[in-house]
Amino acid sequence: MKIKRNATRRLAPRSTGEPAPDFLQIGLLTALLGLAAVPLLFYMKAPVAGYIALVLLARVAVLFRPALTPGRWPLVALAFLGMGVVLAAYRELAGQDAGTALLLTMMVLKTLEIRAMRDLRVSLLLFGFLLVVAFLFNQSPLFAVYLGALLLGSFALLADLSAVRRDAGRQAWIKRLRAAGRRAVVLSGQAVPLAALLFVLFPRLDSPLWSLGLERDRAQTGVSDSLELGNFSELVRVGAVAFHAYFDQPLPVEPSELYWRGPVLWQTDGRGWEPGPKELMTDLPADIESLGEELDYAIVMEATEQRWIFALDLPLAAPADAQLTRDARLVAREPLQELKRFELRSALKYRSLALTSPERELALELPERMITPRMRLLVGAWQEQGGGARAILTRALAHIRREPFRYTLRPPPLGSNPVDDFLFETRAGYCEHYASSFALLMRLAGIPARLVVGYLGAERNPLGGHYLVRQSDAHAWVEVWLEDSGWTRVDPTAAVAPERVDNDAELADLGGTAPLRFRMSRDSGLGRLAHSLRLLVDAGNAGWNNWVVNFSSTRQQRLLEALGFEHLGTYGLVLGLASGGAVLMALLHGLLARRRWPADPVERSFARLCQRLARVGLARKPGEGPRDYLQRVAVARPDLAQGLNVWLKLYLPMRFGRAENGSARDALILRERRMNIRRKV
């Protein structure tokens, strides 16, 4: 029995003078923590997620069965067990993933030892930090709204903790939740203007804090720096956003004619293509000549964990944190681990005559084992007709138009020599089939050729004024080197006759491994509505990314310039922040001062009494408590002393006690209203 008494003593609430947290408060904290943990569990390793889920279930069980509350040493054992699970899963305790897993594990364990208000307040502070950490994993606007709702719930819990009366019972809990919710909404509304001012004016870092440590398995890879036949046909089924583009001037061409240049592939074994050697990572030659209007624009790329940046063909310069290579690739200094904006300039028409001897050899290299006699006969027939490289190009494109080549996302399977099978057997494929085969034929004809992968086209979003490029716009084309114009873009896929383009990519095969996806034609009313909704969502996401997620110091400076504060430095920002904050606080104080009556009926009765006494020249002094105030009034007005003393005896227990008596409250309000307060003659 002695051991049982000691265990009970260890679990007793700490003596702090405050009441212990009740069922409603602990239950609300558990619900908030569970809702915050659910999306995070999907980013965690299975053992850690399972352990956290089990502890949360144990917390729910203890909530309904307090006798199951574990003692101190079981909690210590659970803490070490949780730390071991995290360490075994991640091989570390630091870093974004492991650190978040450890934080969430310790937080759910902390809820099992809540015995006093101090424990609950500490858990709420940690909960606020957890919401910030959760934003590292997902910065979408919908997830931000979700986290905002949880933050509002935590404010409501704080409001309930500060309330004096905590009645029990279902009806009382509903009233408490409503009152706490109203107070949380009011306080949040008051804080939003100041928070917005801080967000806009506070000096910013070059990169947002949530860009730290994006894990590779959460990045959206998209276009790869290698090409295997069939890769693009899988990628094109993905409707996810690749990037957004913003132009400072009207486009000189149709959006469907925009070629977004990515990795450049030089080496091939006849089945796939790879980038060239590291020597090509030197800077772009200076002999590039722009032959038309140059475009200034910006792109906002999604996180890819890759280094290439997609620019309009051909980029003329690299941003500060990127390099423009010898083969006109834009390569970032570091992998793109967060949403990132790049300011670019390109020329849609250009000429570059630079071609070194090693580059020529690389661009003419052939996989001899994959070159078949009928490929040689086809190219030989083009060469026999004479006319040079341009004439051979023309005949090759005419061959694609004339022969029954088909464009399809589901080509027939190819054999051990995919290029030969495509050219002479199946004649059906997607852009990588045409580009790969065409480049080999050009090399066989003695024309230097290389592959470029990227995206073709863009869709203008009229709601946001930007252009949208999706993963389904992934494309591959060929560049050949000509004596008079240098590297020249050739798109063999565009040579396919329109009547031989298979548009059935909108549906997956019935009975296949991919799920059936229903698509609506944009010509129908429902299809137009669905498309408009998609554009609306995209415009919202783009605006959120531009003005919140990607709101860098550069964007801040541009916004200030647009507002006429272009000469503000760091000190100017701090001064403006202080001034704006003071103005907002003054306005807020004025609005609050105009609020006449508190929501609580007991407080409302006291406010009315103070107002009536102020009218007869007995105003309450700043900081004066109810007892001192009414006793001072009783001395000044003996005729009111009896009524004020009776009212005060009713008021103090209800205002500063732990429970409210309904009949006493009614008596208090009635006595205040019947009190005859007039100016003394």
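Each residue, glycine too, has its Cβ placed from N, Cα and C.
As the structure is a computational prediction, the values presented were derived from the model and not from experiment.
According to TrEMBL, the domain 'Transglutaminase-like' annotation covers 423-494.
Sequence-remote contacts of a segment are chain residues at least 6 beyond its ends whose Cβ falls under 8 Å from one of its Cβ atoms, and for the transmembrane segment (48-67) they are 23, 26-27, 30, 33-34, 37, 41-42, 78, 81-82, 85-86, 89-90, 101, 104-105, 108-109, 111-112. What TrEMBL lists as transmembrane segment is 48-67 (among others).
Here TrEMBL flags 73-90 (among others) as transmembrane segment.
Beyond the transmembrane segment (120-137), the same-chain residues lying 6 or more positions past its ends with a Cβ under 8 Å from any Cβ of the stretch are 21, 25-26, 29, 32-33, 36, 39-40, 43, 96, 99-100, 103-104, 107, 110-111, 114, 143-144, 147, 150-151, 154, 157-158, 161, 209-210, 212-213, 218. According to TrEMBL, the transmembrane segment annotation covers 120-137 (among others).
Within the chain, the transmembrane segment (143-163) has long-range Cβ neighbours (under 8 A, six or more residues past its boundaries) at 24-25, 28-29, 31-32, 35-36, 39, 117, 120-121, 124, 127-128, 131, 134-135, 176-177, 179-181, 183-185, 187-188, 544, 548. The feature transmembrane segment is assigned by TrEMBL to 143-163 (among others).
TrEMBL lists 184-202 (among others) with the feature transmembrane segment.
Positions annotated as transmembrane segment by TrEMBL: 568-588 (among others).
Residue counts for the domain 'Transglutaminase-like' (423-494) under DSSP (helix as H, G, I; strand as E, B; rest coil) come to 24 helix, 32 strand, 16 coil.
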